[in-house]
Amino acid sequence: MTKPTTMAIFLSIVLLSMAQLPSLVAGTGRPRVIIIGAGISGISAGKRLSEAGITDILILEATDHIGGRMHKQRFAGVNVEIGANWVEGVNGEKMNPIWPIVNSTLKLRNFLSDFDSLAQNVYKDGGLCDAAYVQKRIDLADEADKSGENLSATLHPSGRDDMSILSMQRLNNHLPNGPSSPVDMVVDYFTYDYEFAEPPRVTSLRNTVPLPTFTDFGDDNYFVADQRGYEAVVYYLAGQYLEADKSGNIVDARLQLNKVVREISYSSTGVTVKTEDNSTYQADYVMVSASLGVLQSDLIQFKPQLPSWKILAIYQFDMAVYTKIFVKFPKKFWPEGAGREFFLYASTRRGYYGVWQEFEKQYPDANVLLVTVTDEESRRIEQQPDSQTKAEIMEVVRSMFPDEDVPDATDILVPRWWSDRFFQGSFSNWPIGVSRYEHDQLRAPVGRVYFTGEHTSERYNGYVHGAYLAGIYA
């Protein structure tokens with residue numbers, strides 16, 4: 001028997017209260033439900049409520065736009081995605097719910113990412129690494145990962161006897177510190193950190209290997225490179241129940257932008273939400289779709305304080321940092337063509353500007369490269385001037401391509417999700433030591449306060465489809 005979702009229970013409670021107290025909202029302007037945050041999870045939660053007949057809602061969004069971490073920014077003459085970029089998990093037995101919206105309904109430009117030719121595209125200081133050697137190291141890493149899948153399957157589903165991915169690697173290759181050569185480190189980084197934004201030493205084996213996103217929906221990833229932005233998905237969902245103008249901009253009064261929630265008071269009879277501009281809103285229920293990073297900060301105060309079991313659940317889970325740095329050059333000096341989209345830099349310093357992507361197909365003639373960093377490198381880079389980051393990048397690319405005339409970059413874009421008080425990170429990662437029971441507590445309601453967001457998705461935390469489904473099913 002399938003247990004009911006939090007959203008199903010929530011809908012039942014709200015609908016019952018509407019039947020019993022029909023005059024509570026009528027004529028007062030008081031919404032039945034306040035939703036905090038207009039990312040894809042908050043917007044999809046509003047859509048689900050509206051479909052159930054609960055239309056007296058109010059969405060409070062801290063920024064000046066909807067979409068949350070699905071957000072485009074103008075750079076080098078094109079719109080690039082500074083947050084979510086891929087539809088991850090496509091062409092499997094099940095349909096990723098985001099894919100038909102992207103590919104069929106909105107027809108957003110997207111491109112299948114080719115991760116299969118990495119052995120030919122690993123660079124060290126001085127140029128390319130030997131492809132045959134790199135392939136052997138990749139094969140060994142793949143064997144360890146497969147062993148990890150087998151080991152993960154033997155661990156109790158509750159997660160009570162979990163271990164880190166690094167512990168699994170130690171069991172398989174008997175290296176106390178895991179992969180340690182430059183090539184092994186960058187292959188390991190690409191396999192795990194590039195996916196989870198945190199290293200194997202902190203990431204749960206039982207809850208991430210294999211990843212349900214790919215076992216459920218397929219192994220393919222499609223890179224969205226449409227000038228409307230990946231956020232067009234959120235605007236499409238919002239337009240299903242909120243009034244929009246001819247340009248697709250939401251003009252419905254039930255969506256309030258630039259409303260920074262600072263306090264949520266809750267009792268057995270209702271909730272009161274206060275914002276930074278001294279506005280006060282009352283409702284029967286509140287649904288919080290703020291990021292895990294925000295919940296772990298002091299941006300929003302709960303009165304009374306959340307119970308200890310809830311606080312522990314919030315602080316045990318990880319909010320990771322994933323930074324996509326876009327760099328504009330006056331000309332191309334890097335290889336292009338089939339099998340060249342991604343290339344790696346094998347540094348003696350793990351995670352140091354390791355994963356690169358060129359945009360021959362996505363943004364032709366833009367002369368832009370993307371380099372991704374995560375975790376401590378992300379935090380370090382966010383705190384230094386962009387000029388310093390640019391100088392470090394120039395040193396790396398000239399080291400990788402010593403025989404090329406590498407010009408100075410003309411522009412750089414460094415997103416700062418960790419420093420942004422409205423996000424305080426990029427997406428959640430499941431760390432070692434957090435059981436399924438504790439994750440259930442993370443998404444569980446506290447009285448009239450409900451929670452949604454990608455971090456509340458048991459199978460797909462950290463992903464766009466996880467955020468969407470969390471809003472639908474909460």
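Cβ coordinates are placed from backbone N, Cα and C, and glycine is handled just like the others.
Taken from Swiss-Prot, the feature signal peptide covers 1-27, and the record attributes it to sequence analysis.
Remark: Glu61 (FAD binding site) has Gly37, Ala38, Gly42, Leu255, Gln256, Leu257, Asn258, Lys259 as non-local neighbours, by Cβ distance under 8 Å and separation of at least 6 in sequence. Taken from Swiss-Prot, the feature FAD binding site covers Glu61, Arg69, Val261, Glu454.
Taken from Swiss-Prot, the feature N-linked glycosylation site covers Asn103 (among others). Reduced to three states, the DSSP call for Asn103 (N-linked glycosylation site) is helix. Annotation for Asn103 (N-linked glycosylation site): spatial neighbours Val87, Asn110, Tyr222, criterion Cβ-Cβ under 8 Å with sequence separation of six or more.
In the three-state DSSP scheme, Asn150 (N-linked glycosylation site) is classed as helix. A C-beta separation below 8 Å, combined with a sequence spacing of at least six in one chain, links Asn150 (N-linked glycosylation site) to none of the other residues. Under the heading N-linked glycosylation site, Swiss-Prot lists Asn150 (among others), citing sequence analysis as support.
Sequence annotations record features per position, and here Swiss-Prot assigns N-linked glycosylation site to Asn278 (among others). Long-range C-beta contacts of Asn278 (N-linked glycosylation site), restricted to its own chain and to partners at least six residues apart, with a cutoff below 8 Å, are absent.
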Surrounding CB atoms that lie within 10 Å of the CB of Glu454 (FAD binding site), all protein chains: 28
